[in-house]
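In Swiss-Prot this protein carries:
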ACT_SITE  177  active site, proton acceptor
BINDING   14, 35, 66, 120, 121, 122, 145  NAD(+) binding site
BINDING   83, 90, 122, 123, 124, 125, 150, 151, 152, 153, 229  substrate binding site
MOD_RES   220  phosphotyrosine
């Protein structure tokens, strides 16, 4: 079996949470950290090296640069400024972070890298689209974390509401990873059964609205309380990396380039995708209610309007 190499660009809280989770899963034989801040880069490498003896697989953790990426299989990008406390939206990060992403994309392209890239920098759908356009890489090999974490929050909220395990919940959030995202309640299920089977509420729509409100406010509440979110996205993206590198063909909600699905083209947003060694191997278009479709159309338009601001 080929030894795998995973690189991290941006050694902030999100990036290092991803790498630590990846190491805990024994994903690779070598991990490389790239960061413009050498002090932080080396400090995080030292800290992660100390975790190697307790990890399930022996691995090397090194500080490196873009020139070394040619030999790597997988890149995770977490670089960029995070949201500020006080209710800053992800889209408000666009102006500064898009220039950072353009520079990263150029450097990765020049390195000769041929593997798969997973991006979590916000606003993630536009950052992933920017990276795709600047690099010119195959669309299936450029993936945004999209509404992966939103969907995990939805599953958690449903499980908590009905006293079930989140592993038995099948539910998705589509569209922008942001305020215009759409919770797909119409097809949500627990152990194959619709949610109404478990609800005792007289007004089930109100109950669903409360769940939706919870997941929309979750990130803002975490940021207000501790300054940033990173454990949830770190674990979720490490799982995506594992599904890809182990070629499992499992479905997760990530952002991929849309080409006709949901009536949209040339935009990236969260939707269920089959993941394997080629990255996104299939984009799944799930059935939506009229209200959900209208919400997704609005979310797509929000993304398209903001893509123009990226000046690609």
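These residue numbers are counts, starting from 1, taken along the chain as shown.
Just so you know, glycine gets a Cβ as well, placed from its N, Cα and C.
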Measuring Cα to Cα, how many angstrom lie between residue 121 (NAD(+) binding site) and residue 152 (substrate binding site)?
18
Taking only same-chain residues 6+ apart in sequence, whose CB is under 8 Å from that of residue 35 (NAD(+) binding site), what do you get?
9, 10, 11, 41, 44, 79
For NAD(+), with binders 14, 35, 66, 120, 121, 122, 145, what's the maximum Cα separation in whole Å?
22
Among the binding-site residues 14, 66, 120, which ones place their C-alpha within 10 angstroms of the C-alpha of residue 150 (substrate binding site)?
none
Measuring Cα to Cα, how many angstrom lie between residue 220 (phosphotyrosine) and residue 124 (substrate binding site)?
16
When you rank 152, 177, 229 by Cα distance to residue 122 (NAD(+) binding site), which of the recorded positions ends up on top as the closest?
177
Just to verify a number: CA distance, residue 152 (substrate binding site) to residue 145 (NAD(+) binding site), in angstrom, no decimals.
12
Just checking: which of 14, 66, 145, 177 have a Cα that is within 10 Å of the Cα of residue 124 (substrate binding site), counting only these recorded positions?
145, 177
Work out how many Å separate residue 14 (NAD(+) binding site) and residue 229 (substrate binding site) at their Cα atoms, rounded off.
8
Can you tell me the CA-to-CA distance separating residue 120 (NAD(+) binding site) and the residue listed as 'active site, proton acceptor', as a whole number of Å?
10
Using a Cβ-Cβ cut-off under 8 angstroms and a sequence gap of six or more, which residues of the chain neighbour residue 66 (NAD(+) binding site)?
34, 107, 108, 110, 111
